[in-house]
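What Swiss-Prot says about this protein:
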- Cys89: active site, nucleophile (ACT_SITE)
- Cys87, Cys106, Cys108, Cys117: [4Fe-4S] cluster binding site (BINDING)
- Cys89-Cys119: disulfide bond (DISULFID)
- His118: site 'Increases the nucleophilicity of the active site Cys' (SITE)
- 1-35: transit peptide (TRANSIT)
Amino acid sequence: MKALQASTSYSFFSKSSSATLQRRTHRPQCVILSKVEPSDKSVEIMRKFSEQYARKSGTYFCVDKGVTSVVIKGLAEHKDSLGAPLCPCRYYDDKAAEATQGFWNCPCVPMRERKECHCMLFLTPENDFAGKDQTIGLDEIREVTANM
């Protein structure tokens, strides 16, 4: 007689003197990503934070406000989804772990230590792409990022 191979495995565990049958199926792990707009509150929080940090650090927003808008919106998305303003301009194998660690949370360690912002959100005055502004309006962010 031939043995049949099951596609589903079963494990038995003993719980308080009774046997429990637990069914385990082997499914590939996958991640489903969905595009969720950040809340207006988070965008406003990140906008105000960015303005305040630019003033405090003596840095300026990019001459192309589209760059500034996209980065602020990305920070707001991460604030909503991860609970922290993780740098939106980097690739992460595990965003949640990176957000917990804090190294790449805005302002990131390279920005705090050396005034090096990979996102071009905070630029030193001598940077060729630095504008003259340390402010940006919420309406400007909405307008630039409306179709993204």
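The backbone N, Cα and C atoms fix where each Cβ goes, and this holds for glycine too.
Note that the structure is predicted; figures quoted are calculated from it, not measured.
Structure coloured by features recorded in Swiss-Prot.
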| residue | record | Cβ neighbours (10 Å) |
| --- | --- | --- |
| Cys87 | [4Fe-4S] cluster binding site | 24 |
| Cys89 | active site, nucleophile | 18 |
| Cys106 | [4Fe-4S] cluster binding site | 26 |
| Cys108 | [4Fe-4S] cluster binding site | 21 |
| Cys117 | [4Fe-4S] cluster binding site | 23 |
| His118 | site 'Increases the nucleophilicity of the active site Cys' | 13 |
| Cys119 | disulfide bond | 21 |
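Cβ atoms within 8 Å of the centroid of the Cβ atoms of Cys87, Cys106, Cys108, Cys117 (the [4Fe-4S] cluster site) belong to the same-chain residues Cys89, Trp104, Asn105, Pro107, Pro110, Met111, His118, Cys119, Leu121, Phe122, site residues excluded.
Annotation note: Cys89 (active site, nucleophile) sits in a coil segment as assigned by DSSP. In this structure the alpha carbons, written CA, of Cys108 ([4Fe-4S] cluster binding site) and Cys89 (active site, nucleophile) are 12 Å apart. Rounded to a whole number, the distance between the Cα atoms of Cys87 ([4Fe-4S] cluster binding site) and Cys119 (disulfide bond) is 8 Å. In this structure, the C-alpha atom of Cys87 ([4Fe-4S] cluster binding site) lies 9 angstrom from that of His118 (site 'Increases the nucleophilicity of the active site Cys').
Considering only the recorded positions Cys106, Cys117, His118, the residue listed as 'active site, nucleophile' has His118 as its nearest partner by CA-CA distance.
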